[in-house]
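Taken from TrEMBL as is:
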type: TRANSMEM; residues: 6-27; note: transmembrane segment
type: TRANSMEM; residues: 58-78; note: transmembrane segment
type: TRANSMEM; residues: 133-157; note: transmembrane segment
type: TRANSMEM; residues: 169-191; note: transmembrane segment
type: TRANSMEM; residues: 249-266; note: transmembrane segment
Amino acid sequence: MVTEWIQLLIFLFALLIFSPLFGLGLYKVYLYKTSGFEKFLYKICGIDPNRNMDWKEYALSLLVFNFFGFYYCFNSIFQNYLPLNPENFPGLVWDLAFNTAVSFTTNTNWQAYSGESTLSFFSQMAGLTTQNFLSATTGLCVLLALSRGISVNYNVFALGNFWKDMIRGTLYVLLPLSFIFALFLVGFGVVQTFSESVSAITLEGNTQIIPLGPVASQVAIKQLGTNGGGYFGVNASHPFENPSPISNFLQMFSILILPGACVFYTEE
């Protein structure tokens, strides 16, 4: 019993220590001087990062962006024609594809399927993992718009630029954190491979199919973006997605660190 209380106190202490630091990091990210690569992205996308948007334009840009995210994710109906499908899974039926696309676009992440027996590697990586990034950075953009709207230095007619906020949130917050976290997960035993499922003989003499795949890379942004939709149907209850007490601690910490940081984020 004492051990459990110590673990809980360590977890809460780590969260209280790192949340303000991450909140300060978020603040600095959105004040950071534009990098060369960022300028390149703005140029090829036709974005003017210095152009302020009012609340209507900011909201419209957000909705348009997520509509295309939904359409992109909906293409899982064609996964049988796409690469990285070693199990030869068929395309999703339209209603399941629609349900999944809406769910992952809105950061709801309800899953009416088991990913390991339904989705190809490509659908998991290029579809759901990508959408995990996009829906999470959309949430950050909403936070920015809200905080700027009530800030003395902003108003509802000058909330910043949605496209700039979206790119910065993805490029400087979610991508580096997810990359580092995925490396930790792999180090503690989470599966990350393009090998197809393994067939094994059980002690009873039956054949069992053991699914594999690029799990760690999806789990990282799933937790950091508070997405919830995992690679396996049982999510973090699966030993390949959460194999040890340390990986469980890291995943619990990661799912709360950005929401905690948002509490400490402020606009001057």
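Counting starts with 1 at the first residue shown.
Just so it is clear, glycine is given a Cβ too, placed from its N, Cα and C backbone atoms.
Within the chain, the transmembrane segment (249-266) has long-range Cβ neighbours (under 8 A, six or more residues past its boundaries) at 7, 11, 14-15, 18-27, 136, 140, 143, 147, 173, 181, 184-185, 188, 219-220, 223-226, 236, 242. Nonlocal intrachain contacts for the transmembrane segment (6-27), taken as residues 6+ away from its ends with a CB within less than 8 angstroms of a stretch CB, comprise 140, 173, 249, 252-253, 256-258, 260-267. Within the chain carrying the transmembrane segment (133-157), a Cβ under 8 angstroms from the stretch's Cβ atoms is held by residues 26, 30, 52, 54-55, 58-59, 62, 65-66, 69, 104-107, 165-166, 169-170, 173-175, 178, 221, 224-227, 258, 262, 265-268, all 6 or more beyond its ends.
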